[in-house]
Amino acid sequence: MSEGSNAGLAYGDKDSSRSSNTPIQSKTSDGRSPQLLPPIGKAEIGFSGTPASLKSPTETKARFHAGCVPKQSIYMDWNSVRADKKKHSVKHSRQKKTKSLASFKDAEEQETISHYLNRNKDYLETYILESVPQDVVEKWLHMKMKNNAINVHPKLSYNRPSASHDHSRTTKQMFMDILKIYKEDPREHTVLWQLAKSVATSIGVETYRVYKLFPDHPTFVQHFVIDHTKLPQNQPVPSTLERSDPQQVELVLEVAKKGTSKRVSRFDDPLRFPETPLSLLKSCNSRNKQGNYILYQPIITKSGKTSYVLEMWRTKDRFKVIDEEISGHIVVWGSVALHYCKLYVDKKRERNMSDFLLDVVKAIFEEMVSLDQLIKRILEFAQRLVNADRASLFLVDYRNSELVSTVFDLKFEPGLDLDMEKKEIRMPINRGIAGHVALSGETMNIPDAYSDYRFNRDVDEATGYKTISILCMPIKVEGKVIGVVQMVNKRDDKYFGDDDEAAFEIFSTFFGLALHHARLYDRIMRKEQKYRVALEVLSYHNTCREYEVQAMLLDKEPLNVDFADFYLDPFRFDEFEKCKCIISMFRDLFDMTQFDITTLTRFTLTVKKNYRTVPYHNFDHGWTVAHAMYAILKSDVKERFDYNKRLALFVACLCHDLDHRGYTNKYMSETASPLAAMYTTSTLEHHHFNITVTILQQDGHNIFSHISSEDYKEILGFIRHCILATDLAAFFPNLDKIRELYRSDEAQFSWDDPSHRDLAMAISMTAADLSASAKPWEIQIKTVKVIFEEFYDQGDKERAAGRIPIPMMDRNKPEEQPASQVGFLSQICIPCYDMLYRILPNTKPMYAMATKNLNRWKARADKILFKQDSKKDNSKDSLEPKDGIGDDDDDVTVKNEGNKRVEIIRQESKTIIGEAQPKPVVWNDDEEFAVEQTFRSNIWKEIDGVTWIEEEGVLVASEATKKDDTV
């Protein structure tokens, strides 16, 4: 060895290198790199063999070792490298970059420098990191990987550095290997294990371990259990996870929290350095009994949380920065693969979950009739979903602040039909993990139940069962916790994972809906049972007695009555006779071979009993309407209505006001009646039809029992149509439609058109319902009296509720009766009978009598108005203010004239006539209609253009019309 070599060895000592560090930190005068290697020796040795004497001593000492020449400064001064690139051609520069230590002439010089660099690795590392560009380092690494490709040892060992790193595979190749594994087995743990093997192979470690973290439980860490009988590169994907010792994962948790890699040395931090996993060292046949260096590499998820940490061990050589960078690059690419792997698994899980939930929905509808059976069935599905060993459901009893369970500790027994004894368990809502979930509404995934202070150990102590892990989740409906599901001990693993939690959260939504609807169904069933009992009680009181039926059947006294007379007086019969009349008219209209006389009698008597005892809408009114329809049908000698329609018309008239309460539809809506809540339009009419069907469904009441099912359905549809047509809100649209058919010179109405026949049925129902206005005057007066008595009853209730009734329903304004009857007859009854007369000409007597009654009501209204006008004129001169009261004050007195109650109102003369004239109002439900006919007289000439309102068969004005100056 030359003198320079000996000198180099001397300077290569540790002390020598330290002494040479001081002048290195200062810059040279020419501004070149300050990082200078310690001097090798006095011998003038250059890289190219050029004597150092050719250079000035000052220049040599300022930039190079003794014996180094500036010709080879391209390997030492990288500023010069960039300058040379500009001066030389690309070809010449490429040749210079590919030179190696073999370019030295003297092999002895090479050995000297190599020996020196081996003894000063720390300095060499610092020099490369600070002075060598990254692209040059990458090029060297690439060349190193190529040169060592054939010398790579399959065993992971850092004892021989030349064989420790598998640099033959680039990052791209490693990533492709991960993708290949992903295609073959897209499970997350499979891809993760391949990633760990790639990182360990790339940086050269003796053994490694993978830790799994749980973000929701910061102190809980698990690691994969490997097969110690196999080498690391031959390790299969671990199938189990084991909880790590909390004292040994302090550094793991620190790395997970910071999200950055960390190098640890036993010699630098012996107190925090974890114990060496001897089993891992044995698995790779290592003779060392402890590891001294660790590199921790976190794997970050998309959300920015650490999901896994790689722990890599070496026994001799420290981990360098380059190891961190290489492992970091590979982990970044591997994280992408893990991300897409998780997406794939999530999609697959969603598809499986959809199939699973479909089975759940099917089971829900199958077991909906029993709440307890439904709970058991759903818990079985929940156990199968997360593979739990035991399951319990607690319902929240907020009234008593308790958790109630009828299915507790359900054991996992696939394929068996569980038939558990119903046993109710109650516990305070603030006790145990289930109580905490019920109060907080948060899901709890507890991997170690005994480490949680909220866990109640009494059950385990009583049953001898060992609870390890618990997954407890609230069942919510509309944001309110109605129950808690608790899963105990995962069967294929020790702990419930995030996947179990996510799947169970989706399932809990269906669980909540099923539980909520099952409870509603259970309540409905209970309500239905109560309803049936109540209906049974009501049917007993609303059904005719059997002795009444027998009395009717045994009565053979004939009725000498002309039922075809439109003017038949309904007040001449009592209720028993009216029932006999109904049966007689029914016999006359229809073929009795299709009907049972006992059933018909029972039906008629029960219909009578289901009419309330209100002043007007009672059984007398129902009988009158049924008789009017009989007269209409008998007058139709051509039988334009077929058999089923005639049957439906007669039955509908008899039942059209069943259970009428004596109030209008508007009043029912304003008072929030339950009936109004059930039906948005024609409230009472829908109710009348439902009562009709209810009577028909009672035992011994179905008069259509001998008719075919097709005819029965058709007749019921006609009955519904006819009863709904009695609502005067539907009359005006029907009237407009049928008028349109008669508007042209040639009538377009045709009995062959089904829609035209439906209109004819509707008009016939209205005509029959208003038949009291087509009766002789004596009968009309009696009917109007009971009508207004019913109106006044409603007005009294409205006044008691703090509302002002309309004048027609105001008991204190009886003078409004004639005016309202004039408007009612002229705008509703006369147009109705006029159109019925066109359709069925033989109904002319109804039109004629209604016209006569209108004239009588006009005369009475004129008389009342004239009398009021005369009294006002006579008292006009005698009106004087008293006690400071002006002309605007009212003075009301009341007189009795026979049986009539008359109010005499003394007001200012210019308001007298206005008070006496009819008052315009709006039609029911704000539906306006045009006045078809007007009747003029010296009093009623201002009626033109006035809008009227219908209130159960009477029109009345809402406010006074303008003053008529001609009166």
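Just so it is clear, glycine is given a Cβ too, placed from its N, Cα and C backbone atoms.
What TrEMBL records for this protein:
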- 1-59: region 'Disordered' (REGION)
- 18-32: compositional bias 'Polar residues' (COMPBIAS)
- 50-59: compositional bias 'Polar residues' (COMPBIAS)
- His617: active site, proton donor (ACT_SITE)
- His617, Asn618, Phe619, Asp620, His621, Asp657, Asp769, Gln821: AMP binding site (BINDING)
- His621, His656, Asp657, Asp769: Zn(2+) 1 binding site (BINDING)
- Asp657: Zn(2+) 2 binding site (BINDING)
- 869-885: compositional bias 'Basic and acidic residues' (COMPBIAS)
- 869-894: region 'Disordered' (REGION)
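Each of His617, Gly622, Val625, Cys653, His660, Thr726 belongs to the same chain as His621, His656, Asp657, Asp769, is absent from that list, and has a C-beta within 8 angstroms of the C-beta centroid marking the Zn(2+) 1 site. Here the recorded positions are His617, His621, His656, and the one with the most other Cβ atoms within 10 Å of its Cβ is His656. Neighbour density at the Cβ, taken as the number of other Cβ atoms within 10 Å, is lowest among the binding-site residues Asp620, Asp657, Asp769 for Asp620. With every protein chain in view, the residue among the binding-site residues Asn618, Gln821 whose Cβ has the most Cβ partners within 10 Å turns out to be Gln821.
With a cut-off of 8 Å between CB atoms and residues at least 6 apart in sequence, the same chain places Glu575, Lys578, Val607, Lys608, Tyr611 near Phe619 (AMP binding site), listed in sequence order.
Binding-site extent for AMP: residues His617, Asn618, Phe619, Asp620, His621, Asp657, Asp769, Gln821, maximum pairwise Cα distance 23 Å (rounded to the nearest whole number). When the binding-site residues Asp657, Asp769, Gln821 are screened for a C-alpha within 10 angstroms of the C-alpha of His617 (active site, proton donor), the residues that qualify, in sequence order, are Asp657.
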